[in-house]
Amino acid sequence: MHISFYKYQGAGNDFILIDNRAGTVKGLDKQSVAKICDRRFGIGGDGLMLLENEPGFDFKMVYYNADGNEGSMCGNGGRCIVAFAKHLGVITDTTKFLATDGVHHAKISETGNWVSLQMIDVATINKDGDAYVLNTGSPHYVALANNLEVKDVYNEGYAIRNNPTYKQDGINVNFVEKTDGGYFVRTFERGVENETYACGTGVTAVALAMAKHNHQTGAITTPVKVLGGDLNIRFDYDGSTFSNIFLEGPAELVFEGEIDI
Ligand SMILES: N[C@@H](CCC[C@H](N)C(=O)O)C(=O)O
């Protein structure tokens, strides 16, 4: 099948996007997705998304991780698909779309490259030793770290993701260090099975976990620096539920092309 694709990146988390409103792409198998996402044998990306029609919504987001498995929610992918929907003329400046974890609302700047995406509410944060474990649409492990700039995120993240507790279902592993203006975060991503330049559900998990860690409540804004740029998370916390959670940052079209799949 010959298809058009679009390559987007959000803070260096990069994705292949396909407009599948006509339903021409059917039953993408694991091997095909993994090959398209491969940085040597394919286009290259941390994930692949289909934009599809969905009654009652502007569109549906179907997300695959780079290993070819259908993933859970992807925050940066969600921001990129909103920019893609604007590029296609499916939306103008606000949207309501459906993803695997439910309904999402988002706002996009007039220029089309800054997206504020509402994330699902979170009511449960567990502890695993000193680390925090929570689900922001995808499962996340959040550990405080020192000297994060030089940390061996691949090997330490791999070991946690593959320990007996998490091996079967997998988990995304985030390391966080306090900075002057907010936090610096590095993430080992499940489904990419490597460190990525940014993880949207990951920085969201970090912001919520740090609010709990620091006993903060009220309206909270948390700027986060990642390897690929800067993201912002704002939310309300009443001491039991995190609500009105917004993940904000850049989403840019890098290039477009055609490929046989
Ligand atoms: N890069 C993503 C996270 C994508 C989902 C994840 N890898 C998984 O399925 O666990 C993000 O920006 O949230």
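Heads up, residue numbers simply count up from 1 along the chain you see.
A Cβ is built for glycine as well, from the same backbone N, Cα and C atoms used for every other residue.
Nobody curates TrEMBL annotations by hand; they come from automatic prediction.
Not measured: the values here are computed from a predicted model.
Copied from TrEMBL, the annotated features are:
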- Asn13, Asn65, Gly75, Asn76, Asn172, Glu189, Arg190, Gly200, Thr201: substrate binding site (BINDING)
- Cys74: active site, proton donor (ACT_SITE)
- Cys74: active site (ACT_SITE)
- Cys199: active site, proton acceptor (ACT_SITE)
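Cα to Cα, Thr201 (substrate binding site) and Cys74 (active site, proton donor) are separated by 6 Å. In this structure, of the active-site residues Cys74, Cys199, the smallest number of CB atoms within 10 A of the CB marks Cys74.
For Gly75 (substrate binding site), the same-chain residues that are 6 or more apart in sequence and have a Cβ closer than 8 Å to its Cβ are Leu117, Met119, Thr136, Gly137, Cys199, Gly200, Thr201, Gly202, Val203, Thr204, Leu247.
Report note: the substrate site is defined by Asn13, Asn65, Gly75, Asn76, Asn172, Glu189, Arg190, Gly200, Thr201, and the residues of the same chain whose CB lies within 8 Å of the CB centroid of those residues, excluding them, are Asp46, Gly47, Gly71, Cys74, Gly77, Ser138, Thr187, Gly191, Thr196, Ala198, Cys199, Gly202. The Cβ of Arg190 (substrate binding site) has Asn65, Ser138, Pro139, Arg161, Gly170, Ile171, Asn172 as same-chain neighbours under 8 Å, each 6 or more residues away in sequence.
Each residue contributes its Cα atom, and for Asn13 (substrate binding site) and the residue listed as 'active site, proton donor' those atoms are 10 Å apart. Mapped onto three states, the DSSP output places Asn13 (substrate binding site) in strand. Here the binding-site residues are Asn13, Asn172, Thr201; the one with the fewest Cβ atoms within 10 Å of its Cβ is Asn172.
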